[in-house]
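As C-alpha cells, the structure follows; a few thoughts come after it.
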Amino acid sequence: MTTTRYRPTWDLALDPLVSCKLCLGEYPVEQMTTIAQCQCIFCTLCLKQYVELLIKEGLETAISCPDAACPKQGHLQENEIECMVAAEIMQRYKKLQFEREVLFDPCRTWCPASTCQAVCQLQDVGLQTPQPVQCKACRMEFCSTCKASWHPGQGCPETMPITFLPGETSAAFKMEEDDAPIKRCPKCKVYIERDEGCAQMMCKNCKHAFCWYCLESLDDDFLLIHYDKGPCRNKLGHSRASVIWHRTQVVGIFAGFGLLLLVASPFLLLATPFVLCCKCKCSKGDDDPLPT
C-alpha cells in the first residue's frame, strides 16, 4: 500500500524565487532560462526580448550573455536561440550569420550586381593583385578588388564607387547620388541600405557614424552641427524641436560631468597630500635595515 505525503498549501508560497539580472524581478525557476555556456540565468521573457532586439537590428551574429559582468563571457548557442524566437526571426538570424561569414571569408565575395546578390568564389585566394571573378548566377565578370566590371591591363580607380541604384551594376555606380538607396560605408566599404529615417547613419560592421548624403564622418559631432550648414542643412530627417532636445541632453550630460568634477576637486586636493605621505612612509619603512 502506497501513501502520499500531505504537503500543506502554505508551503507552496515558500518555493524559492530567482532574480532576473535584466528586469530585477523575481520569478519561479520554471519562468527562467539558463544559458548553457556560462550558466547565467534570466527570466525567459527578458532573454527573448533581448535576443529578438539584437537580431531585428542586425547588431550581432554571436549573441553574448546579457550580463556585462559575466565571468565566462558566454554566448547563446543556435539551438537555444531557435527555442525562444519565431521562425521568421530565426531565418533572419541565419541570414545575418551567413552574410558575416561571406564578409570575412577571403575565398568568397558578393556579386556587385544589385539584381543578383549571389556569392562568388575567388579562383586564386593567394593572389594579392586584382583578379577577374565571374558570377555563376548572372554571368557578370567583375574585379575582385574594386567590384567594377573586369578591366584587364588597367588599374582599379583610386576612388572606390560608393553608391548605386537598383537595377544597375557596379559599372554604372553613382558617385554623388543623394537619392541612392544603397551606399558603401566610407570606412569599411560594406554595402548599407537605407529605407527611411534620419540621415545620421552608423555602420553595423565597423560602428562608424557618417552623414548619408555627403558621407562625412559624424563620429565626433555629438551635437549634429553638420546639419546646420552646408549642402546637408536641414536634411537630418528630424524636427527642429527633437534636434534641440537631443542637444540639450548632450550638453546636460557634459555639464553634469563637469559639475561633478568641480565638486570633487577640493576633496581630491585634500586627499593628495595624505596619499603622498602614506606612500613616503611605506617607502621609508622598506628602506630601513632589519635589526640584527
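Each residue, glycine too, has its Cβ placed from N, Cα and C.
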Report summary line: Per Swiss-Prot, the zinc finger among 185-214, 245-274 spans residues 185-214
Query - Close approaches to the transmembrane segment (250-270) from elsewhere in its chain (Cβ under 8 angstroms; 6 or more beyond its ends) - result: 222-223
Report task. Indicate the candidate from Cys20, Cys214 with the smallest number of other Cβ atoms within 10 Å of its Cβ, considering only these binding-site residues. Result -> Cys214
Query raised in the report: Can you tell me how far the Cα of Cys214 (Zn(2+) 5 binding site) sits from the Cα of Cys135 (Zn(2+) 2 binding site), in Å?
Result: 31
Query raised in the report: For Cys43 (Zn(2+) 1 binding site), which of the recorded positions Cys138, Cys146, Cys156, Cys198, Cys206 has the nearest Cα in space?
Result: Cys206
